[in-house]
Amino acid sequence: MIRPTELPLMLLLAAVGAAAMLVPAVQAALMDDWRLARIFVTASAATGLVTAMLALANAANPRTGRLGRSHGGLASLAVTYALLPAALALPLAIALPDTGFLNAWWEMLSSLTTTGASLYDPRILPLPLHLWRGLVGWLGGLLILSAAVAILAPLQVGGFELVSAPLAASSGSDRRQASVAPRVGAARPAVEGDSWRIIRAAQSLMPIYGGVTLALWTGLTIAGGGGFSSLMRAMGTVSTSGIASVAGPVGAASGFAGEVLVAAGLALALSRRFWRGGDMLQTTRRLRDDPELRLSLAVVIFVTLAVLLRHMVAVAEEPATAAPHSAWWALGDVLRVSWGAAFTALSYLTTTGWISAEWQDAVTWSGLQEPGLILAGLAIIGGGAATTAGGVKLLRIAALIRHGSNEMERIVHPAAIAGGGPAWRRLRTVGAFLAFVSFMLFAVAIAVVMLLVTMQQVEFETAVALAVAALSNTGPLMQSVAVTPALSGGAGIAGAPWEGWAGLPGLTKAILAAAMVVGRLEIVAVLALFSPGYWRR
C-alpha cells in the first residue's frame, strides 16, 4: 500500500486538489447547477485517476525515492507551482470553453501563489467557480506556510537566512548543523521526504489556520455580509490572496465591524510568531519588541499621518476654498479617513490588496494624484517572513534599518557598543548584508520583468505596475493604479481586460506567471536552484 508520505510532493498536492474539487461540486449541486457539478466531479475523477497511475509508477521505480531528500524539496516546490495549476485548471477550462487552457492555468497559478490576479469579471463567474478560486488560494496559503518550515527553513532561505546563517558563521560549524531542520522535524530520522515534512507542518498549522478562517467567516456573516461572500473574504484574508466573490471595498457589505475583523486577520501575516514554527525567526521574546510588528505599525501610522497632514496643509494654505465639512478639526471625518488609510495600508503591506470603504474619501482628503504609488511601495515592503505575505518582507527591512541606525550611531560615537542580544547582533551584521542582497535582487527582478513586459507593446507605467504586482504577489494592485490596460489578448466572455490582466498577450502572461512563482518562492531561493553546491548536498 502506498502511503501519502511516500508520494512526491507534486502527486500529494494533486491528490489534495482532486479531493478539493468535490467542494464546489457539492455547492453546484445545492444550487441545482448540475452542469458545473458534473464538471467538477469529472475533473476530480480524472485528476485522481492520473495521480493514482503516476503514484503506482513512482512506487514501482526505486530510483525515484532519491527525489524525496531534503535537497530536492525546493525544486519539487518550484515544479509543483508550475505543473499543479494545470490539473487545477480543468474545471475552469471546461466550464468556460471560450477562455482557453492558458488563461485557466494562469488563473489557478495566480490563486495558488496567493497573488489573486484574476482575469475574470466577478459579476459574471458562477459562484462555484468563485469558490474554487478562493479554495485554491486558501490551500495555497496553507502550502506556503507549511513549506516555509518544511522546505525553506532547512535550506536557510525565505528569511531564515537572516537569523540562521550568521549563527553558523560565528560558531564555525557546518551550515547544516546550524540549520533549523532539526527543530522542524520531530523525532523522525533524516530519511523522511518532502511530503512527510509538508504533511507534518500542515497538521500542526491546520487547527489555527482553519480556526481563524471559521472565526472570520462567522464574524463577517454576523456583521452583515452574505454567507458566501463572507466565506470568500475570510479565505482571502487568512491566505492574503485577496480573492473575493464581489468587487469593491471590504466594508461595502459588512461595514466597519467587518473591516475590523479583516484587519485582525491580516495582522497574522505581519509576523511568523503567530504561527507554528515562528520561534525560528524570533529575535525577541516579548511581542511588543518584535521588529516586524513594530515596523509594520510604524509604516501604517506613517501612511495615515501622511494622508492627514497633506490635507491639513492644503486647508491651511487655502482656507477660503476648503469645503466646510473637510476642515481638519472635524473629529468625525478625521477618524473615518484615518481608519480608511490605516486599513488600506495594512492590506497592501500584507500584499492582500483590499481597500477600505473610506479609502476613496482618504484619497480625496489628501488630494493625492497617484495614491497607487504608495500602495505599490507598501506591497514591495511586504509582510512577515515565512508567512503568506509576499514582497521583500518586513524582517529584511527591519534589519536594514537597524544596521543603518547602528552605523549612524557609530559615526557620532565611534566607541559605542550596540546591544540587543545575540539575535539582534546577527540580524544587524550578516543578516543586514543578506537583506540588502535580497532587496537588490528584488529590484533587479522588477527591472527585468518590466523590460520583458514592455517588449510586448505594453505601456511603461502599466509594465511597472504589472511587475510589482506579480513579484510581490499583490494582484489587486492593478485595480488601484492608474494604468492603460492592454487589449492584445482576452479571456473569453467572462474576461475583464479593463482590470489590467485579461487583455495581456499570451507571452506576457507567461512572463508574469513566472514572476509570480519567483515572488512566491523568493528570488534568493530560486537562485539557489542554479547553484551547483545546492545539488551536491
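For all residues, glycine too, the Cβ spot is worked out from N, Cα and C.
Keep in mind that what you see is a predicted model, and the values were worked out from it rather than measured.
Copied from TrEMBL, the annotated features are:
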type     : residues : note
TRANSMEM : 38-60    : transmembrane segment
TRANSMEM : 72-96    : transmembrane segment
TRANSMEM : 135-155  : transmembrane segment
TRANSMEM : 205-226  : transmembrane segment
TRANSMEM : 246-270  : transmembrane segment
TRANSMEM : 291-309  : transmembrane segment
TRANSMEM : 373-395  : transmembrane segment
TRANSMEM : 432-453  : transmembrane segment
TRANSMEM : 510-530  : transmembrane segment
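Counted over residue pairs separated by six or more positions, the transmembrane segment (373-395) shares fewer than 3 Cβ pairs under 8 angstroms with the transmembrane segment (72-96), which leaves the two as not touching. In this chain, the transmembrane segment (205-226) lies out of contact with the transmembrane segment (510-530); the count of Cβ pairs under 8 Å, excluding pairs fewer than 6 apart in sequence, is fewer than 3. The listed stretches are 72-96, 205-226, 291-309; of these, 72-96 has the most Cβ pairs under 8 Å to the transmembrane segment (135-155).
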